[in-house]
Amino acid sequence: MTTQLEQAWELAKQRFAAVGIDVEEALRQLDRLPVSMHCWQGDDVSGFENPEGSLTGGIQATGNYPGKARNASELRTDLEQAMRLIPGPKRLNLHAIYLESDTPVSRDQIKPEHFKNWVEWAKANQLGLDFNPSCFSHPLSADGFTLSHADDSIRQFWIDHCKASRRVSAYFGEQLGTPSVMNIWIPDGMKDITVDRLAPRQRLLAALDEVISEKLNPAHHIDAVESKLFGIGAESYTVGSNEFYMGYATSRQTALCLDAGHFHPTEVISDKISAAMLYVPQLLLHVSRPVRWDSDHVVLLDDETQAIASEIVRHDLFDRVHIGLDFFDASINRIAAWVIGTRNMKKALLRALLEPTAELRKLEAAGDYTARLALLEEQKSLPWQAVWEMYCQRHDTPTGSEWLESVRAYEKAILSQRG
């Protein structure tokens, strides 16, 4: 430990102690909050089923930065490089299209065996795994409908895919000793004015009920459902709206997924957390950065990321909220994107843990809104960066922007060699 870092750490401890914060306890609590990194940042959501196929479902990965992962081995190596630069507990979030098989596998036939390499890798790296059925980029999703499709056989295909995905998810949880959160998102919707908005939602409701009909051990698997405002090609109508899934998660007591980019640009999910928690047992968060639409830019340490973290910490939702990331930027180094976004999420959690929440609650209850605002603003100037650097040091990860040197070296040695 450098003398400069030691000095900054000791001063930070004193400054935070003066406002009633135990920084050692804050770091212990931070280690209780894993962040689930999304595998698809590493290859622009290509997957291994049909890597040269086009990305559909109303989502886009823009850019053509060289060096994207072309297979599972490269993707895992890239993830390891990123994870070495991110302090604290982590998980990995997989989509079904990241299966591994020597022969083609229909999505309704995926099995745990197709993900055994991921499980062994997760064990070796002490990671939990999360999962998602992939209801996009497939011939049977080409007309914009999956679980709500009017064709019984196509709808059944997607039901069977989601049912198979749940078994894969339960396999993850059983093997790794930590429950896998499996999130269902579908792109179903219409581009223009829709006359019958009810029938697709009726079909989706029945389909989801069939999907979750098989009882699985909650210690291994958690169901989550995710809404969206619109997608490219589905601007006028989205079957799985916020109201639909809020009602579904409440009535079926599944987890509800809130994606930061899936609402109107003036809405924020930080304001939805406390409301949803009154009705659903658990929340899954997809922390992202929407720029004018669901653009999935890399997460910043901005006001909304901080507000999301603060909601989790202020209301002690550690055991009920699962923190995941969802962004994919193909215009910059993909490993750097992982590192920037994940470190920012963890920084926001640390800053929330360093807040004198008890004192702020007292001021709020007393109606002293002047002091509340004053303290909220003054705490932004407290030396949280020194605490963060100590956290990085203890987890053998770089402090400051030192990690960028490692990314550049990896790019030169590994990424630049890829075609």
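Cβ from N, Cα, C; glycine included.
Matching His262, His264, His322 to the Mn(2+) binding residues that Swiss-Prot gives (Asp294, Asp296) identifies His262. Taking every protein chain shown into account, Asp294, Asp296 are the binding-site residues, and of these the Cβ with the most other Cβ atoms within 10 Å belongs to Asp296. With a 10 A radius on its CB, His262 (Mn(2+) binding site) counts 25 other CB atoms from all the protein chains.
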